[in-house]
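So the structure is just underneath, and the comments pick up after that.
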Ligand code: CMP
């Protein structure tokens, strides 16, 4: 296991549907730790940079338009194997493949509005965290309960 930080984003609609609390609860219940959290409306150019790897896909403009269509909850989440753990909790990107019990499987109906984004590898996590947070916004703190979780 490796201690990691990952970028997690609750997409537009989550705040309006009052789902933030139940989704954060799933991350925390699995032992992940919140190191930074903020609401924001993402500027278009930042959304385009965030999803740059999809820029040649037919759904790119729709994806960017949706991403900037309302406030998101952006966060840095950390812990042992945080990247894989957050992705397992989120479930598969394609909604038809997301089983009940995963965040997408329980709260999303279409792939484009699949409720949550999580970084897919350490390099993406570093890039995405740096895109949305300055170092001073990310808090590292002692957790006396950590031994009960990891
Ligand atoms: P996310 O994990 O944020 O990373 C890329 C996003 O592109 C993905 O979640 C989906 O929201 C979106 N996406 C992937 N495939 C499609 C698709 N076929 N049609 C529309 N949106 C898609």
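Here the Cβ of each residue, glycine as well, is placed from N, Cα and C on the backbone.
Automatic, uncurated: that is what TrEMBL annotation is.
Now, the feature entries from TrEMBL:
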ACT_SITE  117  active site, pros-phosphohistidine intermediate
BINDING   11, 59, 87, 93, 104, 114  ATP binding site
DOMAIN    3-140  domain 'Nucleoside diphosphate kinase-like'
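Positions of TrEMBL features highlighted on the structure.
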residue : record           : DSSP (3 states)
11      : ATP binding site : coil
59      : ATP binding site : coil
87      : ATP binding site : helix
93      : ATP binding site : coil
104     : ATP binding site : helix
114     : ATP binding site : coil
- Message: For a Cβ distance below 6 Å to any atom of ligand 1, name the recorded positions from 11, 59, 93, 114, 117 that qualify, or say none.
- Response: 59, 93, 114, 117
- Neighbour count check, CB within 10 A, over binding-site residues 93, 114; minimum at 93
- Tell me the Cβ contacts of residue 87 (ATP binding site) under 8 Å, same chain only and six or more apart in sequence, or just say none. 118, 120
- Can you grab the distance from the residue listed as 'active site, pros-phosphohistidine intermediate' over to residue 11 (ATP binding site)? Cα atoms, rounded to a whole Å. 7
- Message: What's the number of neighbouring CB atoms sitting within 10 A of the CB on residue 117 (active site, pros-phosphohistidine intermediate)?
- Response: 20
- Item | Three-state composition of the domain 'Nucleoside diphosphate kinase-like' (3-140), taking helix and strand from DSSP | 59 helix, 30 strand, 49 coil
- Query: Are there any residues in the same chain, six or more apart in sequence, whose C-beta is under 8 angstroms from the C-beta of residue 59 (ATP binding site), and if so which?
  - Reply: 112
- Message: Give the mean pLDDT for the domain 'Nucleoside diphosphate kinase-like' (3-140) on the 0 to 100 scale.
- Response: 97
- Among 11, 59, 87, 93, 104, 114, the record's ATP binders - longest CA distance, Å: 22
